[in-house]
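Database features, via Swiss-Prot:
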type	residues	note
BINDING	Gln285, Glu299	Mg(2+) 1 binding site
BINDING	Gln829, Glu841	Mn(2+) 3 binding site
BINDING	Gln829, Glu841	Mg(2+) 3 binding site
REGION	2-403	region 'Carboxyphosphate synthetic domain'
REGION	404-553	region 'Oligomerization domain'
REGION	554-936	region 'Carbamoyl phosphate synthetic domain'
REGION	937-1079	region 'Allosteric domain'
Amino acid sequence: MPKSTDIKSILILGAGPIVIGQACEFDYSGTQACKALKEEGYRIILLNSNPATIMTDPDMADATYVEPIHWEIVEKIIQKEKPDALLPTMGGQTALNCALELDHKGILKKYGVQIIGATVDAIKKAENRKLFEHSMKKLNLETAKCGIAHNIQEAFLVLNNVGFPCIIRPSFTMGGHGGGIAYNHEEFEKICERGLELSPSTELLIDESLIGWKEYEMEVVRDKNDNCIIVCSIENLDPMGIHTGDSITVAPAQTLTDKEYQVMRNASMSILREIGVETGGSNVQFAINPKNGRMIVIEMNPRVSRSSALASKATGFPIAKIAAKLAIGYTLDELANDITGTNTTASFEPSIDYIVTKIPRFNFEKFPGCDDRLTTQMKSVGEVMAIGRTFQESIQKAIRGLEVGASGFDSKISSRDSEYLIKIRRELKDAGSERIWYIGDAFRYGMSINDVFDLTSIDPWFLVQIKEIILLEKKIIKNGFIGLKYDFFYFLKRKGFSDQRIAILTNKNESEIRQLRYKLNLHPVYKRIDTCSAEFSTETAYMYSTWEDECESHPSKNNKKIIILGGGPNRIGQGIEFDYCCVHAAQALREDGFEAIMVNCNPETVSTDYDISDRLYFEPITLENVLEIVRIEKPKGVIIQYGGQTPLKLAHEFEKEGVPIIGTSPDSIDTAENRYRFQKTVNKLRLQQPLNATVLTLDEAYKKADIIGYPIMVRPSYVLGGRAMEIVYEPYGLENYFKTTLKKNNTTPILLDQYLDYATEVDVDAICDGETVLIGGIMEHIEQAGVHSGDSACSLPAYTLTSKVQNEIRRQVKKLAFELSVKGLMNIQFAIKNNKIYIIEVNPRAARTVPFVSKAIGLALAKISVRVMCGKTLLEQGFIKEIIPPYFSVKEAVLPFDKFQGVDPILGPEMRSTGEVMGIGKNFSEAFSKSMLGAHTNMKKSGRVLLSVRNNDKNNIINLAVKLKKLGFKIDATKGTSVALKKSGISSRLVNKVHEGRPHIQDRLKNGEYSYIVNTTSCYQGIKDSKLICRSALQYKVHYDTTVNGAFATVMALNENPIKNIETLQKIHKKIQLFYTKK
């Protein structure tokens, strides 16, 4: 049947900011949905608060709202745009929950808006644990022994039936948020209390323990005629007890018998029918007891998910695109398979002749003190996917793609002391993020398959594969470099061994192994992802490398080829913003007649969609992989400046190997990143930097710190995302840094910088073509200097900087751009103190602020920049004038502290945010209020405020207290702050710090007495107190600020209604055009 004609316009809900459990896979699905429905002629209205997404580009929808995803905002959009239908299945749990709230409040019925993609009843049956269990019983499918609880008393009644250990999962949350495994009454009560707080429906599902069971997932698509297909089966290498998002997964499933697979397949289809998923994609999860084969249904998601993105990239079947078209009435047999063209339709189940492995990426090092053990609550921040002909090839490629410094199954045991076997056993039994390497060590040091299975419950089939890799490593070591004859070398490559890994094992360097391989004429071939195991020819060039005879790459003879290197797996400091730039690069190149070739290994991203570039190589971003692609494609140029540090760190090696890098040269990049070279540049230009020094020892640090003066910023050289950076206020803090943060026998130079307290930090994005510099935007940070730029909110245009200071910033940006010979994008960070401008750092590459600035000013900076890199000047493109919008845009960071209990949540120089939101308003305060709502800031507009600030902030707090009083807040203050307030005639209630006696701050927080907390600190004891306060504020959902500037911005925002004014990005950008036309 053809598409629905009674629908003319569709409102799509996005997923909002990137958070743990809900990442950029929903930008991928949302972008696919927008494109699919727009090409069918529907008017598309989009709501998403995340500016770093491709789906919020103005050309993706007819009306794009970069506003908070909140039911009242959605109602205003419905009133204004009058959509016929709402599609909530592309925006993760955020969109589903919003749709349920709209239905509950009667808004959809009131305005006659129908939900497509999934009915409200289907969402409820899938998400509500009791309804889901009832549905499974009707199908004679088992679920885990469980019970529902809505309070602690009910929870303990369920526990009597379920017993220990048990798994606790809050309803309507994502990524296992708020859940956990309880082994005793104390843990049980703690997890239940937290789960009840986080569940929107105040509901818990308490399950019997399935720890050690095998876990599987089925990606299912169904149409309105009840045609059902299994797109992909996925097997978790890690057993139940570890969240599937934190587990290594393999597709297709490797250890199911055909009978088990068919039972699971049929059950999946029956579940979709019973739940009522009439059209679209769903994910169904199963567990199998390896001892007796008992199968139970864990859960199902009636929407596209993280696994849907993985399955789409693993098979080439675009689940989100197909689901969007099914939602408007098409059937599977009416839709063509984009990969095979007219050869097959979407009703053909994909068949694959390769193995896909996904490995999650963790950032525990960013959260000292957090529990790094893997449980039912998701903790990973990204993932990598690799494709190979065998599991061994696939997993070794995935390990390399992770970018954690591993070339393969590197040993984690540095010396065989008396404890090494105990450590291996502990790491196998109580899984952390590095368990896969400890499995390698277990076999390396003599443990058997059964030993490892008993400790991990990982299926022996996988363990046999890993053990064989370790045995091969021993053989490589034994034979040495001279043993690398053609047949053995070729055999190793087919097993997934990289040049780098072989080099380590033979005690050679990578270039020596590469030269030998070239001499032996050993090169990979490229196979195509075709959905049909090579049964039909493909119309798309979506490829992976392997080691066989026939190559299917078939590169064109086009001499206008450009390779774009992506950013690999998401991590804190390098996320979706860089993928946004890579996608824009591909789009601009294709628009200008270039052949765009993408190289990346992240399955969540838009850049790895097969139709974004002309050719896609799904490969790790390593020297070996990129050189082989360059060899076969022979590009005119390679772009390394858009994928963050991942491709940049290979720049010098590329240059040595003759790779044609376009844009800013590697030498210029090194000048900016090398401390000594950059200092010379700054001095030559007669610009200013904060006082600084480089030291190796603590004694040296004491001496230099005395010269610079406390407080100082301390960090190792060459760090990413502020890694291991700290602000030190006194000699004791310096000693503590050397003892606790640095490894023993540290040989890395330590950088000391003057910390400019009370300085305002400024970010500038600009483009230089060698003749002209285009200022993209001057962003003023809301938190003062010392908070990592990625964690600070910022405003464009600047909201307090004078025009004189801004003009001087512009002058300095231009001088630096020309001196560094920048060709393309650059980002400069400044600190302003007492009207003096200090340069913090310069990055001659794309920065994480590029998407935000592009949305704020209405110019696609990444596209303009890539054209500059390809030889088109700014003048030729018509972009030479800085745009200062006649409205304000605020970018606010979203932090994951609620996922990491016990971590110090005070903001500092080490970046820890996972995502961002954008607020747009007629003035700064309105824009900031919207960004707060978009970031789910729980800010009440009345009640009692706690003020506890350091001595240096006491003068500034007076004005803040006056403003809070005017708003009707009552004030509590700690001793020193209370005295300062009293001197200025402001009354407050005195409250004790924890070490000062009871009742103290913690007691009052537990009693729900506070609506808002302002807490700044400096000294060692103050930091300890502050950590306790902020952690408690998080626990009890009280908004807090740890900088006075942040507090002033919050108070300004309290005067605004973030829901009052909404406008489309298209109209906002039109205002800019009209504004500059009138000028």
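Cβ from N, Cα, C; glycine included.
For Glu299 (Mg(2+) 1 binding site) paired with Gln829 (Mn(2+) 3 binding site), the C-alpha to C-alpha distance reads 47 Å.
Proximity of Gln285 (Mg(2+) 1 binding site) to non-local residues of its own chain (separation of 6 or more, Cβ distance below 8 Å) is seen for Glu215, Tyr216, Glu217, Thr244, Val297, Ile298, Glu299, Met300, given in sequence order.
Cβ neighbour count for Gln829 (Mn(2+) 3 binding site): 20 (other Cβ atoms within 10 Å of its Cβ, all protein chains included). In the structure shown, the C-beta of Glu299 has more C-beta neighbours within 10 angstroms than that of any other entry among the binding-site residues Glu299, Glu841. Across the range of the region 'Oligomerization domain' (404-553), the DSSP-based residue counts are 78 helix, 12 strand, 60 coil. Mean predicted confidence for the region 'Oligomerization domain' (404-553): the pLDDT average there is 95.
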